[in-house]
Amino acid sequence: MSSTKKPLVLTILDGYGHREEQQDNAILNAKTPVMDRLWQQQPHTLIAASGLDVGLPDGQMGNSEVGHVNLGAGRIVYQDLTRLDKEIKDGDFFTNPTLTAAVDKAVKAGKAVHIMGLLSAGGVHSHEDHILAMVELAAKRGATAIYLHAFLDGRDTPPRSAEPSLKRFTEKFAALGKGRIASIIGRYYAMDRDNRWDRVQLAYDLLTQAKGEFTADNAVVGLQAAYARNENDEFVKPTVIQAAGEPDAAMNDGDALIFMNFRADRARQITRTFVNADFDGFKRDKVVNFGDFIMLTEYAADIKVACAYPPASLENTFGEWLMKHDKTQLRISETEKYAHVTFFYNGGVEEPFKGEDRILINSPKVATYDLQPEMSSAELTEKLVGAIASGKYDVIICNYPNGDMVGHTGDYDAAVKAVETLDNCIEQVVAAVQAVDGQLLITADHGNAEQMRDPATGQAHTAHTSLPVPLIYVGNKEVKAVEGGKLSDIAPTMLSLMEMEIPQEMTGKPLFIVE
């Protein structure tokens with residue numbers, strides 16, 4: 001057997017959806033001679049990346065975490081959002097032992113119950129329906145001091161869409177006759193994932209000390225003041241919500257804190273700030289010794305606090321199956337999507353499999369990626385091309401974040417530039433794969449950059465879409481594309497192209513049939 005391997009490369013263009021209409025479509029309007037040529041000349045198909053096809057509620061847009069879990073699992077994986085919706089509908093949520101024990105302990109000790117999370121109907125990191133259920137659970141179990149610390153979205157939802165959510169919760173607390181919204185802050189600060197500790201510190205001080213740059217009598221007034229300062233939801237500066245005569249809602253020893261985000265990647269940093277004894281991201285002026293800190297789902301295996309909904313383990317994901325067959329694999333991306341091609345792709349497993357190498361390219365340190373739409377794609381491509389040529393790997397899995405990260409800024413011109421940058425990168429990847437007689441699949445995890453304006457509101461469209469994504473084959477086999485596929489069909493497709501057995505746990509089907 002030759003020691004030089006001919007790799008199968010999976011290139012995931014994050015946020016690169018397929019939409020026929022040209023209006024506000026940064027992908028269709030960009031100059032993409034390489035992708036155009038591949039689409040015309042190579043076997044290709046469109047695959048579903050949203051809703052029930054990826055284990056989300058019907059019609060729910062896809063996202064990167066969900067996309068990569070399905071890509072790696074080779075079966076539809078029912079997501080936390082769907083699981084939690086069902087728990088609430090069936091009533092089981094209200095008897096969850098972890099949540100009820102934390103609330104009961106705080107009530108018994110006369111302490112407050114703090115609930116924090118992304119107050120959004122976006123369904124990507126959280127859902128406000130779950131937060132509402134948590135408020136109801138706390139109230140039903142006798143909590144009177146119930147404080148909601150609302151992180152505002154504007155990224156997976158329109159840029160200025162928080163007001164109805166804040167009104168809904170203000171009315172809910174009024175109806176209960178207990179509890180209130182205690183603070184609002186944009187997710188840019190509270191949910192950073194790129195070690196920008198100066199941002200996280202502003203959120204931490206707001207939550208622990210009720211200390212913010214701004215104060216308002218109620219949440220809607222606080223939000224409107226932020227809009228007047230030209231801050232969209234995502235960027236709302238720390239605002240304490242406290243009417244005259246109300247006690248402050250700072251977090252104190254013995255209080256319960258329940259973090260209602262279900263997606264891990266943007267929940268980890270702020271969680272570590274609260275719970276790590278050796279935390280050194282910044283100097284914490286106040287360290288709170290909570291009665292309980294509960295994470296809704298497991299944000300990381302090394303965060304040692306209680307978890308209301310631990311992960312269900314996935315057997316025989318693509319990466320694990322490769323390991324069992326002594327195959328070598330490489331995962332490579334920038335900071336922004338590194339967790340996706342490793343942790344999420346491996347079904348929530350943090351440790352690399354035997355034979356799995358990883359390369360992390362630092363994303364550029366800019367405030368928002370419209371300022372540098374090419375991101376770190378040149379360095380990423382250089383490393384990827386080198387890995388393809390090395391002969392070391394049977395499989396290489398790469399994610400280019402540009403379409404998604406620049407799409408999220410809502411800046412159309414920057415998104416076009418991002419897409420044109422990707423086209424140049426793909427040209428180099430195709431050449432590298434062909435030079436070693438390897439195989440290449442090009443796809444996406446969900447859409448974004450193909451819809452840069454919301455036709456209903458006229459606002460910039462910063463969220464993902466529920467549109468299909470492309471799947472293109474470039475390689476040395478004569479193959480025929482199958483229609484009607486979805487993300488969970490990609491792992492079986494790859495195994496089939498490698499002429500490997502498909503494990504029974506993978507219920508997806510190959511989308512390229514060798515002729």
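Using N, Cα and C of the backbone, Cβ positions are placed for all residues, glycine too.
Keep in mind that what you see is a predicted model, and the values were worked out from it rather than measured.
Annotation source Swiss-Prot lists active site, phosphoserine intermediate at Ser64. Long-range C-beta contacts of Ser64 (active site, phosphoserine intermediate), restricted to its own chain and to partners at least six residues apart, with a cutoff below 8 Å, comprise Asp14, Lys337, His340, Phe344, Asp404, Asp445, His446.
According to Swiss-Prot, the feature Mn(2+) 2 binding site maps to Asp14, Ser64, Asp445, His446.
According to Swiss-Prot, the feature substrate binding site maps to His125, Arg155, Asp156, Arg187, Arg193, Arg263, Ala264, Asp265, Arg266, Lys337. Of all Cβ atoms in the protein chains displayed, 22 besides its own lie within 10 Å of the Cβ of Arg266 (substrate binding site).
On its own chain, His464 (Mn(2+) 1 binding site) has Gly15, Ser50, Met61, Gly62, Asn63, Val124, Asp156, Asp404, His446, Gly447, Asn448 as residues at least 6 apart in sequence with a Cβ closer than 8 Å to its own Cβ. Sequence annotations record features per position, and here Swiss-Prot assigns Mn(2+) 1 binding site to Asp404, His408, His464.
Recorded residues Arg266 (substrate binding site) and His408 (Mn(2+) 1 binding site) have their alpha carbons 15 Å apart, per Cα-Cα distance. Listed in sequence order, Asp265, Arg266, Arg268, Gln269, Glu336, Ala339 are the same-chain residues six or more apart from Arg193 (substrate binding site) with CB atoms under 8 A from its CB. Listed in sequence order, Leu118, Asp156, Arg187, Met191, Asn261, Phe262, Arg263, Arg266, Ala267 are the same-chain residues six or more apart from His125 (substrate binding site) with CB atoms under 8 A from its CB. Annotation for His408 (Mn(2+) 1 binding site): same-chain Cβ neighbours under 8 Å, separated by at least 6 residues, are Gly15, Arg155, Tyr369, Asn448, Thr462, Ala463.
Of the chain residues outside the Mn(2+) 1 site list Asp404, His408, His464, Asp14, Gly15, Asn63, Ser64, Arg155, Asp156, Gly403, Met405, Gly407, His446, Asn448, Ala449, Thr462, Ala463 have their Cβ within 8 Å of the site's Cβ mean position.
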